[in-house]
Structure formats: C-alpha cells, structure tokens
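A.B. asks: Provided herewith is a single structure, encoded as structure tokens, for subsequent inquiry.
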Amino acid sequence: MGCVFCKKLEPASKEDVGLEGDFRSQTAEERYFPDPTQGRTSSVFPQPTSPAFLNTGNMRSISGTGVTIFVALYDYEARTGDDLTFTKGEKFHILNNTEYDWWEARSLSSGHRGYVPSNYVAPVDSIQAEEWYFGKISRKDAERQLLSSGNPQGAFLIRESETTKGAYSLSIRDWDQNRGDHIKHYKIRKLDTGGYYITTRAQFDSIQDLVRHYMEVNDGLCYLLTAPCTTTKPQTLGLAKDAWEIDRNSIALERRLGTGCFGDVWLGTWNCSTKVAVKTLKPGTMSPKAFLEEAQIMKLLRHDKLVQLYAVVSEEPIYIVTEFMCYGSLLDFLKDREGQNLMLPHLVDMAAQVAEGMAYMERMNYIHRDLRAANILVGEYLICKIADFGLARLIEDNEYNPQQGTKFPIKWTAPEAALFGRFTVKSDVWSFGILLTELITKGRVPYPGMNNREVLEQVEHGYHMPCPPGCPASLYEVMEQAWRLDPEERPTFEYLQSFLEDYFTSTEPQYQPGDQT
C-alpha cells in the first residue's frame, strides 16, 4: 500500500468552481438515477469462485494443493456433534476439502472423524504451518500487529509481498531513541534456482532456513529475529458447517449491549459454546423474505475489516448473529475514558481501517448506506470493523424517511441520496467524511446546533461543516473532498485508504536495503 496509490489516484483540485450552480440548474432526473441495487438479488452478486475472494487478511487455509496431511495451528473446541475437538500441533488426514470453510478430516492421533475450520489448519511442514507466517496481510496490518502489546524488539513476521507475486516480505519490530518502537520491512527475493535471500551474500534453500539464520545472527538486519509476532485465534468462517439459518432456541441472550430505533443488540452464546453478538429486530422492521435475500449476499462479503455475519434467524423477530467485538460501537468507545485519551495517530489509524473495509466493499460494488461511527465496532488492539452494511435499504418503517422521518440519519447522508434515493459508493464516501468528524471530535454529533431540515437545506446549497478544533488542515481537506456536491468528484475509498495509511509516513524508503549494515 502507500505512495503509489496516492499519486495515481489524486482526486481533483480543492476548488469546486461553478459546482453549486451546475448542481442547482440540473433537474433531479439529470443529476441522479435510481438506486442501482434496488431489486437486486443474490444471483447477480459476485459468487466466491476461489479462496482469493474470501481472503480475510491473515487466513491460512490451503486448498487445491494435493496435500492431504495437515497440522492444527490453534486449539479448537467442537461446537456441534459433527465437529472435531483438537489441539495445536495435532495432525489430520483431510478427507474432503471441496467446501471452502469447513473440511472433513480424520485425526491421526485419535482416529476421530469430523469437520475442522479450514483456516485453523495448514499442510504439514509447509511455510503456512509456521507461527511466524501471516500470509496475505497488508504492510499496514503487519505494522499494527507487531506494534501491539506483548511483542519485544526483534519480533517478526513473514507475509506475502503486496507488489511481487510469489515473493515475501519480512517485517521486524525495532526501537531507537529518536523514533521509539517502529517497524522495518525487508524484501525476501527468490533465486531462479529456487532459493531465497535478503542480501546476496546469504542465500538459503527455504524460508525456514532463512529465518533460522537470522534468529542466530542479525547479519545486516536492523535487529536479531527474537520471536514470532503474537497473534490471536482467528474467527472461524461461520459458526459450523451448515450453521446458517439457525434455531432461535440455539441462542441464549445474556446481556443487552445496546438499544436502537429498530431493535436491540445482545451478547449471546450459540449452542452453549460460542460467544456471539445478536441484533434482534422489532417485528415489522423489514420483510423476512427481503432480509434473507440480502443476508445471503452479506455473508459472501468477507474481509478482516468487516464484522463477520455468522448466522440468521429469518422468522420474526429476526436475529442477526455476528462476531462479538469487545468494545462495542466506535461512537460509544470515543465517548468513554479510553476513547477520550486517544491521540491523532490512533484516530487516523482507525479511520484508515474503516477506509480499508470500505475499499473492499467498493471493489465488490456493495453499498453500505448507513456509514457512521455508531455502525463501526471496536475490538482488541483498537481493531475497527464495519457493521450493519446493506440493512438500511430493507427498513420499512415510515419514520425512516429523509423528508419527514425522525429516524433517518440525515446528517450522515449525501444530498443526492437523501433527496432522490441515489445511493452509491460515492454517497458512502460522503458519509465517511462525516465519520471523520466524529473521530476527530471524539463522538460529537455532526452539524452541532442544526436540526435535520436545516442540514438538508444548507448542504444542498454547498454548506460544509467548518474544520473541527484540533483537526489538521490536510485531514479537513480530505473531508471537503468527500463532501463535493458532484458525486463523481469525490475520492475513491482506495485513495482514502492509501492517504490515511500513509498520513504519518516519513521520507524513509518503504523497504530497507538488504545489504544495510
């Protein structure tokens, strides 16, 4: 990620000369078109055709390799009678891996047969089975993970190169008096003969040999490799095999986490085994049939910056079962003591994570429609994930109406969406600009002192919120770009992600020279 995108995707200049006049002179039909996803069904949404579609950041599953003996990367406790309980290091014979999420396996130690989550296992003796191998994660996520608590100087990981297919990168946590803790990255290059090297004077037959060498001597690296980066067990891809439409009685609602206009959010347990979050919708909020169709699409959206949809109860009252995020909504988090103490680098990083998730949705041509801090969830290590994507389109409540309803999020909604129902990725970009103000102000309601009608009238005439106190001018400029009246002049989420990820990047090269001393 980084500077390459910034240069390629630089949005138009700041001045919108004549834009307001053009906006006002056109008719609604000339300016806007109907919501392109109205009436869409799951049959026209991109289907998962390969593991690449379902990549969730640090997923380690392997398919199509011909390897049938796999090793467990983590402990796992069976959730159903069809699952296998296993411990880290246990070996399996994979019997059937035709379904991507859950594979049928037989334990070589116990002889028991059942299903295992595919992202909890890897081929024996492969690079994917190594604790230091993190697979297809971004450079920025590598930095986030290595800078988290518990990692000493010299903590490291190896990941797939973002720029060179088939190559790898080594990321190391370092420290010095001037910069404190920071991360350095090294390219691992591949020889034509099949070996690997960082510097030509030290070549190795395998990545494992390379790691063993640099754990014994730094040999030109910034620091000796001391320990693999700490990690937590990933979310399984779904609750269990075929656990999609589930029985309401399999969910125990334990503690109410929040209440909204259309229902409540609970901490719950599925099948007496798995902690989950459960959104319960009031009867009449949306059509169960329409919800189930949309949910079939939503479950195909998989990215580590999107809250994973686990399962549904499709009869009223509808239950939406998702992964549990320990700190709740970003809005509530910003308002409490820990959120109030966050500094600008933390806030910008949280914004970058949201932009990353939205960039994925942009690539998938999926529209959120209700992007705001209340619909971003926060987990350990300040990980942010996007929630409630796509649900706003299904709400049937008369009060959820931009013209007169009190429940519609006018202050976050682009004018073309609020006035004419023109929801697009670009209207999500507008909402992201408003979300940036929520971050900078630690949860302040947008457009303070203005009601919804005033906001709609003023925004249509080109009004922008002034720069929030303490907000850098360069960040406010991005907000203003997101609020351009012409949707096509707003930046892409790909650009926003790159801009925010590189916001504090110094002038040092992205990768360290392999021969540095």
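Backbone N, Cα and C atoms are what each Cβ position is placed from, and that goes for glycine too.
Predicted, not measured: the structure shown is a model, and the values here were computed from it.
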A.B. asks: In Swiss-Prot, which of these is labelled phosphoserine: SER13, SER109, SER161?
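C.D. replies: Candidates were SER13, SER109, SER161; Swiss-Prot attaches phosphoserine to SER13.
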A.B. asks: Run through SER118, SER169, SER206, SER250 and tell me the one Swiss-Prot describes as phosphoserine.
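C.D. replies: The residue tagged phosphoserine by Swiss-Prot is SER206.
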A.B. asks: Pick from TYR168, TYR196, TYR463: which one does Swiss-Prot list as phosphotyrosine?
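C.D. replies: Of TYR168, TYR196, TYR463, Swiss-Prot lists TYR196 as: phosphotyrosine.
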A.B. asks: With respect to Swiss-Prot, which of the residues TYR115, TYR400 bears the note phosphotyrosine?
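C.D. replies: Checked Swiss-Prot: the phosphotyrosine annotation sits on TYR400.
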A.B. asks: Name the residues of the same chain, 6+ apart in sequence, whose Cβ is under 8 Å from the Cβ of SER206 (phosphoserine)?
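C.D. replies: In sequence order, the residues whose Cβ lies under 8 Å from that of SER206 (phosphoserine) (at least 6 apart) are ILE127, GLY195, TYR196.
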